[in-house]
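Structure record follows, encoded as structure tokens.
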Amino acid sequence: MNNNIISNSEECKDNEYGNLKEREIDVEPYVVCIGASAGGLDAINNFFDNIYENTGLAFVVIQHLSPDHKSLMRELLSRHTSMNVFMAEHEMEIMADSVYLIPPGKNMTIKGNKLYLLERDVSKGFSLPIDIFFEALSRAKKEKAVGIILSGSGSDGSEGVKSIKANGGLVLVQDNKSAQFVSMPQSVIATGAFDYILEPAQMPEEIMKYVKSEEDGSEKVDISNYNEEVYIKILNSIKEYTNVDFFHYKRGTVLRRLERRMGIYGFHNIADYLNYINSNPHEITTLYKEFFIGVTQFFRDSEAFGIIEKEVIPKIFEKKSPGSTIRIWVAGCSVGPEAYTIAILIKEYLNKADKSYNVKIFATDIDEDALSVASTGVYPSDIEDNVSSERLRNFFIKIGDKYQVNKNIRDMVIFAKHNLIKDPPFSKLDLITCRNLLIYLQHQIQQNILSYFHFALNKNGYLFLGSSEAIGESEKFFSAVNSKWKIYSCSGDTKLPRVANFNINKIGKYVHERNSGLLGYNYSRISNYLEKSIERFMKQLQEEYIPRGLIIDESYELLHVIGDVNNYIRIPSNKLSLNILKMIRSDLSIAVSTAVHNVLREGKELKYKNIQLKNPNGYVDLTLTVKPFSDETTHKKFAAILFEEQKISEASIDNEEEFEIHSKTYQRITDLEQELKYSNENLQAVIEELESSNEELQATNEELLASNEELQSTNEELQSVNEELYTVNSEYQLKIQELTEAHDDINNLLSITNVNTIFLDKDLCIRRFTPAVRSQVNIISSDIGRPISHISWNLKYDELLYDIHDVLKTLESKEKEITGLDDKWYSISISPYFAGNSKIKGILINIRDITEMKRKDILINKLLEENKNLKRE
């Protein structure tokens with residue numbers, strides 16, 4: 001059948017967004033992928049009934065098709081579009097204004113501009129072809145990817161749409177009202193990774209608006225003259241909804257993302273977009289996700305990682321003795337490839353060195369969705385482009401069409417949510433990698449974070465930044481290992497202050513603006529000249545007069561660090577915890593826990609003096625001050641723990657207490673500690689018994705989980721088969737409807753035409769006859785199915801049955817002229833009846849009344865005879 005058919009009901013619409021025949025065709029067009037399952041056929045047809053002509057887009061349709069049935073989709077869809085419809089083939093190049101269908105029993109991906117077919121993993125029992133193609137499409141086409149989820153059961157597509165959104169594409173979802181099966185659309189809506197919820201007929205309009213806003217610069221939204229108040233409200237809305245503050249991001253970065261989102265919806269006024277956000281909370285989530293630039297991959301910038309492998313990692317281990325701990329922090333890890341890359345390089349080094357070390361890699365990000373992906377360690381097959389076959393073999397497990405990082409590598413990495421701007425950093429680190437994050441942050445925030453990194457690194461520890469980033473004003477605290485790839489070594493013992501600096505730049509800018517005119521330029525020069533001197537002086541003041549300290553909440557969780565507190569706290573080595581009672585050094589634990597407990601309970605400042613503390617330079621007298629404060633809005637309680645080392649005792653004041661531990665107090669503490677030791681031993685015995693019981697319960701639980709997984713797998717397999725059968729059934733229903741219509745057309749045609757015809761099957765039983773044949777054959781409707789030999793004829797044709805059998809045998813037609821019992825002449829033709837595959841299906845008997853023609857022949861013959869006789873005479 002011709003696959004280039006225009007629907008009889010409605011031709012494709014004219015494209016008001018521009019005809020590609022009048023402009024240069026995009027070599028790599030936007031690709032619109034439609035994912036559908038049960039009940040999706042009507043929705044697909046409805047979509048293509050409303051698509052425009054010459055859009056310049058390529059379309060891919062992914063369905064859950066049964067591998068055991070031939071798909072009729074190409075034939076059915078061709079009736080609803082004038083575009084060429086192809087069944088996809090391996091390495092087929094896609095073209096604009098064309099539709100590509102996934103073949104039954106296959107999965108499909110896209111790289112560049114070509115489609116690739118994959119065999120389904122039948123061992124899994126079920127497949128997610130929409131997710132597989134969406135994820136490949138998002139990587140191949142970025143903002144040129146459009147994903148559509150239509151009717152279907154299950155959740156296929158809910159992961160793929162996240163990838164499309166993360167890479168800047170467009171996602172549309174069918175509304176529940178028009179979808180026959182709402183499970184797939186609802187699963188996508190639940191992720192928040194979508195732009196529109198529409199009926200299929202409304203989707204083409206929004207797709208074309210999106211393409212036009214992306215391609216046509218004249219249509220792009222410009223909010224350079226934006227309303228500052230509205231801008232602040234938008235960022236505050238995001239902060240309230242997600243608890244992430246984007247005021248620290250570069251304004252240009254934020255505005256570009258706002259412009260893009262506004263362009264998608266056709267807003268030209270930022271206030272209108274704010275109103276849309278307030279009435280559509282899912283847009284806040286989408287905008288929040290778009291602010292994150294999640295571009296990452298394994299061994300990105302392979303030359304840089306070559307330096308890390310050959311120069312940095314060996315030097316880190318040279319300074320460590322076997323059995324010691326190596327601590328690494330991957331900040332802004334996104335979905336994890338960079339953290340696993342570092343882990344792989346370290347594992348390779350350890351395998352060669354044949355020594356044992358305790359390696360801890362902390363990988364942090366602010367995006368919980370990215371961390372959930374990272375923790376699974378599952379990645380698409382295209383990591384083959386960046387990871388060597390040897391590393392794939394050694395450090396990955398092939399699962400279907402994906403790879404999973406093996407357990408040995410996953411166990412080296414601890415993923416955790418962490419806000420680099422406001423959360424305290426890790427400490428005593430040997431390596432920090434933070435690539436392509438600082439470039440999106442304001443300059444002052446960059447410098448603050450670099451000071452955190454300097455604080456967190458060991459002496460001669462390493463810092464690895466993105467190739468477009470620089471350390472700027474912090475260069476005196478770092479020495480370059482490789483300037484091109486921004487690899488630095490932490491130099492010197494002096495730590496950058498953790499407390500925020502006074503913003504000299506803002507003061508200078510303000511004074512400069514107030515003194516504009518003739519003196520403005522000179523004053524600006526003086527401000528710049530004095531700035532560094534003032535900054536150095538302010539740092540000196542901070543070090544001398546601002547005490548070191550900690551800020552905690554009422555749960556004793558550490559929120560902020562002031563100055564260098566390495567002498568007072570320790571980062572737990574076995575498990576990451578920010579509880580101050582687990583971090584404070586043991587000889588301070590009693591004083592700190594007692595003071596904090598009293599302050600949070602009573603709300604009054606408390607100060608302990610003359611606490612003897614041993615430091616590297618000997619014993620010092622420490623004054624411990626705990627100050628309470630609270631949040632005016634939430635009324636949550638907080639406490640500031642301040643440490644001040646003193647060598648000269650000061651007179652006590654009302655709120656000061658001498659913290660002198662006399663011999664009796666020491667004895668009492670010793671007794672209590674001994675009792676506590678015995679209690680702990682008893683408790684440990686009980687714990688061991690509980691652990692034994694817990695192991696048994698855990699084994700039982702694992703068996704139940706295994707059984708549940710088997711049931712879940714079976715259920716998913718049955719669901720997949722059900723979806724495939726539903727799709728096949730829908731196609732057959734349409735085919736049956738077409739055949740029924742064709743059957744009705746034939747019946748009506750035969751009933752109004754004066755044709756005398758009988759249809760016989762291969763067994764020479766009556767299949768069908770026309771009403772007009774009853775004048776020559778004694779036949780009624782109930783005779784259908786009876787052998788033709790049982791029927792009496794009103795014709796003088798004794799050889800009829802013989803001739804029928806002969807035609808069936810020889811497959812050659814016969815035609816004879818005979819007379820009927822009514823003395824009329826008839827022409828009877830007996831022909832073989834062939835099906836579309838050229839197989840014999842029966843016999844066709846056609847009878848024509850030729851009496852009038854015969855009479856004319858007789859008359860003509862008579863006249864000719866008379867004419868001959870006259871000539872003889």
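Each Cβ is built from the backbone N, Cα and C atoms, and glycine gets one as well.
The annotation active site is assigned in TrEMBL to Ser37 (among others).
Taken from TrEMBL, the feature active site applies to His64 (among others). In this view, His64 (active site) is surrounded by 31 other Cβ atoms within 10 Å of its Cβ, with every protein chain counted. His64 (active site) falls within neither a helix nor a strand when secondary structure is assigned with DSSP, and so counts as coil.
Under the three-state DSSP scheme, Asp156 (active site) falls in the coil class. The Cβ neighbour count for Asp156 (active site), using a 10 Å radius over every protein chain in view, is 28. The feature active site is assigned by TrEMBL to Asp156 (among others).
Positions annotated as coiled coil by TrEMBL: 669-749.
For 31-214, the entry in TrEMBL reads domain 'CheB-type methylesterase'. Along the domain 'CheB-type methylesterase' (31-214), the predicted structure has mean pLDDT 87.
Here TrEMBL flags 238-501 as domain 'CheR-type methyltransferase'.
Cβ-based neighbour count (10 Å, all protein chains) for Ser37 (active site) stands at 30.
For the recorded site, Ser37 (active site), the DSSP three-state label reads coil.
When the Cα atoms are compared, Asp156 (active site) and Ser37 (active site) turn out to be 9 Å apart. Cα to Cα, His64 (active site) and Ser37 (active site) are separated by 5 Å.
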